[in-house]
Amino acid sequence: MKKALTCTRSAAIAAALATTCALLLTPHAVLAQPFPPEIKEEPLPDLNLAEPKSNPGKYQAVPHGGAQYVAFGDSYAANPNTEEQYEARQDGDPCRWGDNSYPMHLSKNFSSFFNATCSGAVIEQDYFKAAPVTARLSQLVDRAENVHALGPQTQLVTITIGGNEAWYAIRDYGHLGSSKMITPAEYSRRIGPSIARIRAQAPNARILLVGYPEFVGADNRLCYIDTTRYGFPLKIVVHDPTQRTYIKALNDAMRMSAPDLGTEYVDVFTPSQGHGSCVPDDQRWVKNLLDAPERDPHLILHLNEVGTKEQARIVGEYLKLDNLPQL
C-alpha cells in the first residue's frame, strides 16, 4: 500500500492558506494591501435591489404579520455552493445563499420563511478591515425590515455570525492575540443593537445564536488536503492550534453573551467534535481544500452536505422540531 504523502507545516502557513481561501470566497477580487491598512468607512452595496434569481426562496411573499421563521448569518448559515457563490448577478446583489443550509432545512417546519443570510457577512467590520464586505448584520436586518419579514407572527429567528469579524488585532485565526479580543462583552456590544431591533419588531420570537462547528480537532491538526481522488492517498497536514482557539473563543463569547442579549445559544461545536478535517472521509463534516470529488460543489473550509444536515439536526433537535433532514 502506498503511504500517504504527509507534510507538516507551521501554523503560519495555515494562516496564510486560510487568508487565501477567505479571499477566494469573496465574490469580487481583492488586492492585498500593506499592514496596517487605513480603515475607510465606505457605503456598502445596496441590498434592496431586485430579487436575484439564484437565491432560493427569495421571491416568496412575506405574509402579513411577518414570516414565521427569519434567518440571519454569514456563510456558515448561508452555505451557497461554488456556483451560487461566484455566479454573476444582473442586480449586483453581493449576498449569496444556497439550498443546502441549516435555515433552508429548518424552514420546512414553518409556513413562511425569510432568508436574510449572506455569505461573507459580518457584525461590524470584516477581518481584512480595508477589504470590502458583503453586508453588515444591521443591513441584513434592514433587508428584513423593509419587506416586513419580522413581525408579531415571527416565531423563530436564528443568527450565526462573527466568524468573519475583525477583533482589533491581526486575526489570522488567533495569531498575536486576536482570540483574546473575542469577549462576551465585545460580542454583545457589536451584536446588541441588531438584536434589539429584531426583538422590537418580532416580540414573540425565540432568537437563537447558533454557534460554529469544529474544523480543527483536539490534536490541532488541520488537513488542507485529504483525498484519494488521484488513485493514491494524498494528505497535507498543518499544525494549527490557533484556528481551534479562535472558534472556541467565538463560541464561548456567543454562549456567555446570549442570556444578557435575551437570546438562546445552540452549541454546534460539541456534537461536531470528531468530525473535523482530518478524520476518515465517511466521518467528516467539512470540506477541505482538496477533498473527495463528490464534495467539489461545496465551499472549501465549510460544512459539506452531511455536515450541513447534521448542523440542521442539532438546531432542530434543540427546538424539538419534527421535520429534520435525513442523513
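Glycine is treated like the rest: Cβ placed from N, Cα and C.
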Per TrEMBL, the disulfide partner of CYS118, chosen from CYS21, CYS95:
CYS95
In whole Å, note down how far the CA of HIS302 (active site) lies from the CA of CYS223 (disulfide bond).
13
To the nearest whole angstrom, state the Cα distance for the pair CYS278 (disulfide bond) and HIS302 (active site).
14
If you skip the near sequence neighbours and keep only those at least six away, which residues in the chain come within under 8 angstroms of HIS302 (active site), Cβ to Cβ?
SER75, TYR76, ASN79, VAL286, LYS287
Sorted by position, what residues of the same chain at least six away from CYS118 (disulfide bond) have a C-beta under 8 A from it?
GLY73, ASP74, ALA78, PRO94, CYS95, ARG96, TRP97, THR134, ALA135, LEU140
Let me check the 10 A CB neighbour count of CYS223 (disulfide bond). How many other CB atoms are there?
25
Position of peak Cβ density within 10 Å, selected from the disulfide-bonded residues CYS95, CYS278:
CYS95
Secondary structure of SER75 (active site, nucleophile) (DSSP, helix/strand/coil):
helix
